[in-house]
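**Q** The following block contains the structure, expressed as structure tokens.
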């Protein structure tokens with residue numbers, strides 16, 4: 001089977017990752033001790049994608065947990081699912097990266113990276129046919145951002161032909177933990193543009209907004225935010241974990257979603273999201289799901305898709321839905337909003353379906369969009385970066401770890417290039433002649 005090795009780095013990555021494993025274990029009927037307690041063969045059919053069967057009916061996640069300080073690891077280990085993970089797969093340092101990207105990437109993280117790679121190698125050797133890696137991390141800190149990107153590039157070196165998917169929590173304008181987030185994020189994006197195949201962008205502000213507006217939570221906790229992230233991660237990976245018609249592995253998803261290799265940053269969304277109190281008053285129908293899924297308020301990254309155009313979209317429907325109805329609704333959305341979809345990629349909306357609904361829903365849909373509006377997010381970080389870098393504020397923390405100012409300048413211009421590329425494809429229209437030629441190219445020759 002096509003296995004995926006999961007890595008989680010830093011505090012954020014480990015907390016999201018732990019939540020992800022809770023949701024996935026629940027969907028596959030695996031108890032906290034790794035015993036299978038499920039009730040349908042569908043749960044086991046492709047379980048080897050994420051789990052290793054170590055004994056009769058005992059499953060262990062293919063997960064590597066990494067941090068530069070022991071704190072978060074201890075809380076994962078003492079949590080409900082702590083005994084699920086293989087004890088050797090906890091790799092941690094003692095010093096912490098102190099929100100310093102350079103520490104994660106060049107000094108502290110670089111010391112730990114070889115022992116992490118040993119564990120990764122071991123996991124990869126236990127796979128039949130490894131399809132790739134997924135990593136959960138944040139881009140604003142030191143370990144997740146600095147060491148996370150170091151790991152990505154090292155794994156890239158060693159497994160050049162395997163897919164690399166990242167679930168990256170992007171710093172948001174209103175919810176900021178540290179003042180150097182723009183530095184860490186820009187340096188990380190500089191790495192991700194080159195080394196990742198698909199990056200799912202999530203940001204705390206958008207998650208807070210969803211909790212306030214849609215779920216009507218007065219004081220959302222990080223637990224609530226992580227729960228949202230884990231629902232989306234579970235949705236994105238549905239097609240990898242369960243048998244389905246459009247049987248996407250990571251590579252097929254990338255082929256459908258990435259028109260140009262650098263533009264692989266996706267917005268994600270999930271529907272139905274309803275406040276707990278009003279759940280029983282709403283019938284969940286396919287049109288309802290489709291409209292909520294494309295709603296700007298539903299995006300888990302703080303960019304408004306109405307500011308750009310979709311290059312490609314993938315929608316994963318789960319549960320008992322009529323595919324005919326789904327196709328009709330998806331088409332009508334495209335026809336009504338045709339100027340929000342680029343016309344030079346025909347059939348740029350892909351729909352997949354999996355019969356198994358997530359817990360607590362009869363049907364649901366997960367949205368993945370490659371929209372040029374994601375440039376808002378990069379612009380915002382770039383502006384904050386420039387404001388500080390112009391004054392060389394806080395730079396000594398990075399140069400003290402052996403970094404060069406040149407690297408900052410490079411990262412800054414790479415990010416600006418990325419924004420410019422998105423803008424270029426947003427404005428690209430097909431000329432009439434081009435359109436005719438494209439149409440002629442597409443028409444199969446008569447035989």
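Cβ atoms here come from the backbone N, Cα and C positions, even for glycine.
Since this is a predicted model, take the numbers as computed values, not measurements.
According to Swiss-Prot, the protein carries these features:
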BINDING   11, 69, 138, 142, 143, 144, 204, 226  GTP binding site
BINDING   69  Mg(2+) binding site
REGION    427-447  region 'Disordered'
COMPBIAS  430-447  compositional bias 'Acidic residues'
**Q** My understanding is the cutoff is Cβ-Cβ under 8 Å with a sequence separation of 6 or more in the same chain; which residues meet that for residue 11 (GTP binding site)?
**A** 67, 71, 72, 138, 141, 143, 144
**Q** Could you list the residues of the same chain, at least six apart in sequence, whose Cβ is under 8 A from the Cβ of residue 142 (GTP binding site)?
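**A** Result: 10, 68, 96, 97, 98, 99, 100, 101, 103, 104, 184.
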**Q** Least buried of the binding-site residues 138, 143, 204, 226, going by other Cβ atoms within 10 Å?
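**A** Result for the binding-site residues 138, 143, 204, 226: minimum number of other Cβ atoms within 10 Å at 226.
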**Q** Return the residues near residue 69 (GTP binding site) by Cβ distance under 8 Å, restricted to its own chain and a separation of at least 6 in sequence.
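**A** For residue 69 (GTP binding site), the qualifying residues are 92, 93, 94, 95, 96, 97, 143.
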**Q** For residue 142 (GTP binding site), name the DSSP secondary structure in the helix/strand/coil scheme.
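**A** The three-state answer is coil.
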**Q** For residue 144 (GTP binding site), list the number of other Cβ atoms lying within 10 Å of its Cβ atom.
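**A** If we count other Cβ atoms within 10 Å of residue 144 (GTP binding site), we arrive at 32.
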